Amino acid sequence: MSQRSCLSVILAAGEGTRMKSALPKVLHQIAGLPMVAHVVKAADAAGASSDAIVIGHGAEEMRKAVTKFSPKAETFVQEERLGTAHAVLAAREAISRGYDDILVMFGDTPLIDAEALNLARLKLAEGAAVAVIGFRPPLPNGYGRLVEKGGKLIAIREEKDCSEAEKKIGFCNAGMMAVAGAHALKLLDAVGNKNAKGEYYLTDIVEIAGAQGLDVVATEASFENALGINNRAELAQAEGIWQARRRQEAMLSGVTLIAPETVYFSHDTEIGADTVVEPNVWFGPGVKIAGGAKIHAFSHIEGATIAANCDVGPFARLRPGADLRNKAKVGNFCEVKQAVIEEGAKVNHLTYIGDARVGAGANIGAGTITCNYDGFSKFFTDIGEGAFVGSNSSLVAPVSIGKGGYIASGSVITESVPDDALAFGRARQKTIPGKGKELRERFASAAAAKKKAAGADH
C-alpha cells in the first residue's frame, strides 16, 4: 500500500449539542490534544499524505486549531447540514485530485488507529471499491447494522428499518470507510435525498456501488477504537481508554508506574526506561524524561525536559521551559519555570526558580525565591556552579551569584555577587533582654481589657 496515494476526509462540522459547550465538539481534548487531531494522526499513520477536514459550526475557531495541530491539513466548509455524503462532497476539490484511496472518517472518534484504517485500505488494494469499517458493540441497539451476503456487504441498515432477522446482527456500522478514489465522486454524486429528513447519507453508497457491480466489503475494528464521543461522559470514557493504553505501553517499555491508574500522560509524553513514577503524577504537553529519573508523588509537570537520573518531587511543579540536567534534584513544594537546573544542582524544598540558571552542584535553600517579574517584564537570575543560597533568600533579578558564592540565610540580594564571595542582605539582629516578657504582659493586659469591654456591651 505504500505505493497507493491516500487522502483522508475527516467530518468535523457538527455542533455537538450534547457536549453542552461553546467549544466545537471535536476540539475537546483527549490527553491534551483535540479529538480531531487524534483522528488526523491516525490517518497520517495509515499513510494519508493529505488531510481534508470538513468544518461548519465554529468554523473560524476550527481553522485556527487545525493550523496549530496540522498545518498541512486543508479545511473545507459545509455551509448547510444536509447529511454525511453532502459533508464529504464539501471536500470535492481535494477528492478530485486523483488519490488512489479516500479514507472517510469522523472527527469525534479519537481512538481509531492506523491498523483499522490500513485493513480497510488493504481491501481497496485487493480490488474492492468500498470498504466499510464495522465493530461489535456489547449491545447493538441504536446502531446501523452491516448486512452481508456471500462475504460481501450489501447494505447498511438503520435499526428502525431492520427486519427482525437483521436486528439480531451484532456487526454494526462505525461510520468510517475507505473508498477507491477512481469511484468516489461518481458514487457520492449518485446519493439522493429521498428520505424523511431530505438528507444525503454516506451509507447509501454501499447499495449504489453494489448496483453498479462494484465490490463492497466490511472490515472490523474493536469497539473501543470505533467509540464515538457525543457527551462529556463518553469523553471521560475515551480519556480513560487512551490513558490505560499509554500506561501499558510505558510499563512494557521499561517504565515503573507504582499506581498506574493514577498517572496521567499527555499525547506527546516521552519517558525513558528505568524511570520510576509514583502515584498521582500528571504530565502535560511537551514533557521529555530520560531514563533512570524518579518522579515522586503528586508532581505536576508540563513543557519540561528531565535528564537521566534526576529526582523530582513529591509535590513539585515543573512548568514550560524547566530544564533539569543529569542528576538534578527539584524537591517538595518547588516550582521551576523557564529555568535550567544544571547537573547535580539541588532545589530541595519550598522554592520558586523562574527565568534562571542554577549552576552545576549549586544548592538552593528552603524558601528561596527568584524575584523575576516587576509587573511588566521578566528578568534573569544566574546562579553559578557550586553556589550556596541560604534558606528564605530573595534574589531580585536581574542578578548573578558567582561560582562558589555564598548567600546568607534570610538575605534579599539586589546586587550581583562575585565568585566565592559571601553576601548578607538583611538587617542586623538586635536582642533586648527582658523585652519579650514586657511585651507579652502588655499584650495579655490589652486582650483582657478588650474581652471585658465586650462583655459589658452585652
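Each Cβ is built from the backbone N, Cα and C atoms, and glycine gets one as well.
Annotated in Swiss-Prot:
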{"type": "ACT_SITE", "residues": "His349", "note": "active site, proton acceptor"}
{"type": "BINDING", "residues": "11-14, Lys25, Gln78, 83-84, Gly144, Glu158, Asn173, Asn230, Arg319, Lys337, Tyr352, Asn363", "note": "UDP-N-acetyl-alpha-D-glucosamine binding site"}
{"type": "BINDING", "residues": "Asp108, Asn230", "note": "Mg(2+) binding site"}
{"type": "REGION", "residues": "1-232", "note": "region 'Pyrophosphorylase'"}
{"type": "REGION", "residues": "233-253", "note": "region 'Linker'"}
{"type": "REGION", "residues": "254-458", "note": "region 'N-acetyltransferase'"}
Long-range Cβ neighbours of the region 'Linker' (233-253) (under 8 Å; 6 or more residues past either end): 19, 28, 30-31, 35, 110-111, 224, 227, 260-261, 263-265, 269, 271, 273
Per DSSP, what is the helix/strand/coil residue tally across the region 'Linker' (233-253)? 20 helix, 0 strand, 1 coil
Looking only at C-alpha atoms, tell me how far Arg319 (UDP-N-acetyl-alpha-D-glucosamine binding site) is from Asn230 (Mg(2+) binding site), rounded to the nearest Å. 32
Spatial neighbours, same chain, of Ala13 (UDP-N-acetyl-alpha-D-glucosamine binding site) - Cβ under 8 Å, 6+ residues apart: Val54, Ile55, Gly56, His57, Val77, Gln78, Arg81, Ala87, Ala90
Return only the integer: C-alpha distance in Å from Gly144 (UDP-N-acetyl-alpha-D-glucosamine binding site) to the residue listed as 'active site, proton acceptor'. 58
Ranked by how many other Cβ atoms lie within 10 Å of their Cβ, the recorded positions Lys25, Arg319, His349 are led by Lys25
In Å, rounded, how far does the Cα of Asn173 (UDP-N-acetyl-alpha-D-glucosamine binding site) sit from the Cα of Asn230 (Mg(2+) binding site)? 16
Rounded distance in angstrom between the Cα atoms of Gly83 (UDP-N-acetyl-alpha-D-glucosamine binding site) and His349 (active site, proton acceptor): 58
Binding-site residues (Asn173, Asn230), the one with most neighbouring Cβ atoms at 10 Å: Asn173
Sequence gap of 6 or more, Cβ distance under 8 Å: name the residues on the same chain that satisfy this around Asp108 (Mg(2+) binding site), in order along the sequence. Ala12, Gly14, Gly16, Lys25, Val26, Met35, Val36, Gly228, Ile229, Asn230
